[in-house]
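Here's what TrEMBL has on this protein:
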- 536-546: compositional bias 'Basic and acidic residues' (COMPBIAS)
- 567-577: compositional bias 'Basic and acidic residues' (COMPBIAS)
- 578-588: compositional bias 'Acidic residues' (COMPBIAS)
- 188-356: domain 'SSD' (DOMAIN)
- 536-605: region 'Disordered' (REGION)
- 1027-1065: region 'Disordered' (REGION)
- 27-49: transmembrane segment (TRANSMEM)
- 189-207: transmembrane segment (TRANSMEM)
- 219-239: transmembrane segment (TRANSMEM)
- 245-264: transmembrane segment (TRANSMEM)
- 309-327: transmembrane segment (TRANSMEM)
- 333-356: transmembrane segment (TRANSMEM)
- 501-521: transmembrane segment (TRANSMEM)
Amino acid sequence: MPLVFKQLEKLAKPLVFLSRFSAKRPIHVILTSLLVSAVAYLSVMQFFFTGLQLNPTAVFYPENPNAEQLFKECTHYYKDPTREGWSLLSTEEALSYSKAQHYYLFNLDFESTNESVPYPYLDRLLYEDGNNKFVLTEEPTIQMEYSSDDGTSWRLSNYRTKIYEILNVFLSIAENLRQRISESEPTDIFIIGAAYLIMLYTIGGLFKDMTKVGSKFWLGLGAVFSSSCSLFLALYTTQCLIKKPVTALSLIEGLPFVAVMVGFKHKVKLAAYTLQSFDKIGISKKMNTDKAISDAMSTEGGRLLQDHLLGIVAFMGCSIYAMHLEALSNFCIFSTFVLLYELLMTSTFFCAVLALKMDINIIHRSTIIKQTLEEEGVVPKTADLIYGMESKDSILQSRGSLGYAKLPVVALCGAVVFYHFFPKFGGRWGSETFSSLYSGSSTAHLPEFIRANESESQIHDQIVISVAPIQYYTPKKAYQHVEDIIVLLVRYLSISIRDRLISKVVFFAFIISATINIYLLNAAKIHSNYATDEFTKKTNDRKSDSSVKPATGSVERLPASVTDLTEPSHVKVHTNEGEAEDEEEGEDEKGTESNGDRQLTSMRPLEELEKSMKEGKVRELKNSEVASLVINGKMPLYALEKQLGDTTRAVAVRRKALAVLAEAPVLGTERLPYKYYDYDRVYGACCENVVGYMPLPVGVIGPLIIDNVSYHIPMATTEGCLVASAMRGCKAINAGGGATTVLTKDGMTRGPCIRFPSLARSGACKIWLDSDEGQAKVKKAFNSTSRFARLQHVQTALAGDLLFIRFRTTTGDAMGMNMISKGVEFSLQQIANEFGWEDMEIVSVSGNYCTDKKPAAINWIEGRGKSVVAEATIPGEVVRKVLKSDVSALVELNISKNLVGSAMAGSIGGFNAHAANLVTAVFLALGQDPAQGVEGSNCMTLMKEIDGDLRISVSMPSIEVGTIGGGTILEPQGAMLDLLGVRGPHPTEPGSNARQLARIVACAVMAGELSLCSALAAGHLVQSHMTHNRGKTNAAPPQVTAAGPTGQDPNIQRLKEGSVTCIKS
């Protein structure tokens, strides 16, 4: 239920302290709680079972029961010669008749599925009835085995010694319950049954909710144990301390009401809050388990205290009101203590279990991440890991909160009505059932043949006959030997544990084990924290190394890499005092939350802020106030740039708002950077709802000679060894004189889908479009929409009444998708309105006949964008010395892997080793569309041997690149295009820069293909990755000789010396 009394949040601070204390020392608290609860349990069980003959050896009974044990199990009858009939005696009374003649009557039941097996001969047989043999003896001894005349061995098979027959115990209990239920009133059964069903439903709901939270079993079990400990502690307090005992009957009848009353909703919410905070914090962010649990208790503690105090007050009032009803009054006092102890155990025991679960999760996650990174060849200390989990259903905002709040009230009212109006309800049924289920022995009736012979025989002495329970004998079987061994081992183990010396050894061993577990848990936590601290330290060191020292104390430190970005006039500087204060408050990553709280307390009312927004004064508001408008739905996220007129400030406000709306506190930190970036270039061009930028490491390969021009090619990637591998390929290509390229096609495509009322009309339009007249008219209409777009050809395909048209167009130095889409839309309008096809229906401007950002054979066959073929010849000596491979081995590998292997896989355009690696890395570094790497990676790698040298070529029919528009307008990406000398439109030949960029991409792919195939041919791929990424950082640099051997080519010697910086293959 919602928090009604706000003051309870302050009163809940002791609970917060206890939860944090327990979270810091989970094993100590768990063991202490269980130990205290175990003492209470033993005291409670002793109180309940003193008169019930609870036999601890009922299951694993010794082989030869002694006389004392057997005597306690017998039912005793006494015959006085001066009186008629037999009288029933207790065990104590039977011992007092020492002068009477004492006999023991055993009923031996011989059971066998084979009726032909003869029964054994018995001494002192008194009476027999079928397979039941009655033996009268003067000593309380039982013979374990009997033998028949045919050699059949009959073995005592009492249920106490037979593990296989334990099922019979449960069956007998079920039969007893069935009999009691049939004898009881239907109303009684309905109330008790409904209460227990609700209790089972509550426990089942606990495990279901915990599964949604993220724990399938252990947290649910911890919650059940926590409530069980509260139950035993409350029983111990009422029975042994304040002497207000709760009878077993009251406990059986009231236990389900107590369970429903206590419930588990607060435990579920604590677990949900804690585990969700664990999910939101990455591995590079240090997490304190005790802080997370104390925060959860701070959030939930007020409601936890409120609900329990309401229940305590209600039960205390009920106990005072029902003082004349002792059973009800005591039960209410017991329920009060249950709530008190439940409050304590939730803050201690359950929080300790929750902390232990979180610690194990953190350690497990750190271990898995470390192992995964090492297997991938990446050093964990230098890896910034971002991971995600499947969203879980939120338990914090449960619709069933009101229902949960009503359950204790319903349980309380039910208990009052139950005891007030039905004080004798179920008394006989409950007591008899309880006794029959938990009593160690049952009454054995005196056989009728003894009573029948009583009148015929003259008895002149006092006689006591002790009737033993029925003893069952069955033919001995093989599996019983295994049972005997197991029972014997368990019995000896039980006896050994009860030994005075061994019991102390076991206890001290338990203490040592707990101490070791505590030490190992702390050691694992220290290791996990150390890894996180090392990562943070390295990150801070890199930040401090790249920063510029300010000239005065008032100048803010700026990263050296972005200093130039702050110099252009188009980057705005904040001068508003409110803005500066907000940014200053947001600087401290650790204080983001507290600062936000301070801002909210001093914030103007929402109505006043909304009024300022309507008056157009949003720019005068503080960042926190603007964020409040967004959070409360008064201003959309996408309108911040327009309302504030400052793109950088809009990003900062959006981060504040999303940190609350998306429950993503990570946006309040600097882990995703946003400062010192020119968002004016992003707004309206590259991205919407911007919250920052994603830094990627950029490497450079080269120089690579392409058509007699040297290039250094940037690559943005997070894959280790990729840049180093391509670098080695560049060196090998350069040794052969560089790469040669040919551009075979240049035309971006768009394939709309249109429809006509009939197939005849669709076919007629196709024929017209394929004709010279149709081509000419469509080309004229298309070319009129742009200065640069020029339609080359229109290709058509028919599918039913659907007509697909593929426009191929040159787009200058732009990639051209927007440009061509505009021309296609206008051309279709002209076809419908001006060229006589009025009944044409446009299904979609893009009909997937292009095909864009999807693998397709049409791109592989017809090409899309730039179609480039690159070639290079590598001298055989370079292959052997630099690539550490062999020409014939490379040719054989290429045929088997890139050609045959890809064909076997049914690949479309994938006849290469890893073209997508190079294409995507270059695309990311140069501001290209990474999604178009799908078709851009279409590549066929060919190798052949020419006079002992290796000739390699790559054919890439669909490289889609541009040097203007899209991501190329961003300053970092534009700088990398400047590195290649192809930024922007070519001044004299439109499209020349984009075509040259496509050639560069193809040659970079060829360098990567050459190096990887060489590593594969030599079998050094895994070795190279491990050596490169996990090598010693302090290794001495290789010694380079001043000159090579006499007569060796200087270029070969230079390449050989330089290859030590690349992958070692």
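The backbone N, Cα and C atoms fix where each Cβ goes, and this holds for glycine too.
Just so you know, TrEMBL annotations are computer predictions that nobody has curated.
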Contact yes or no, the transmembrane segment (333-356) and the transmembrane segment (189-207), 3+ Cβ pairs under 8 Å, gap 6+: no
Top partner of the transmembrane segment (219-239) among 27-49, 189-207, 245-264, 309-327 - counted as Cβ pairs under 8 Å: 27-49
Chain residues in Cβ proximity to the transmembrane segment (27-49) (below 8 Å; excluding those fewer than six residues from its ends, i.e. six or more beyond): 21, 225, 228-229, 232-233, 235-236, 239-240, 245, 248, 345, 348-349, 351-353, 356, 438, 514, 517-518, 521
Within the predicted model, mean pLDDT of the domain 'SSD' (188-356): 82
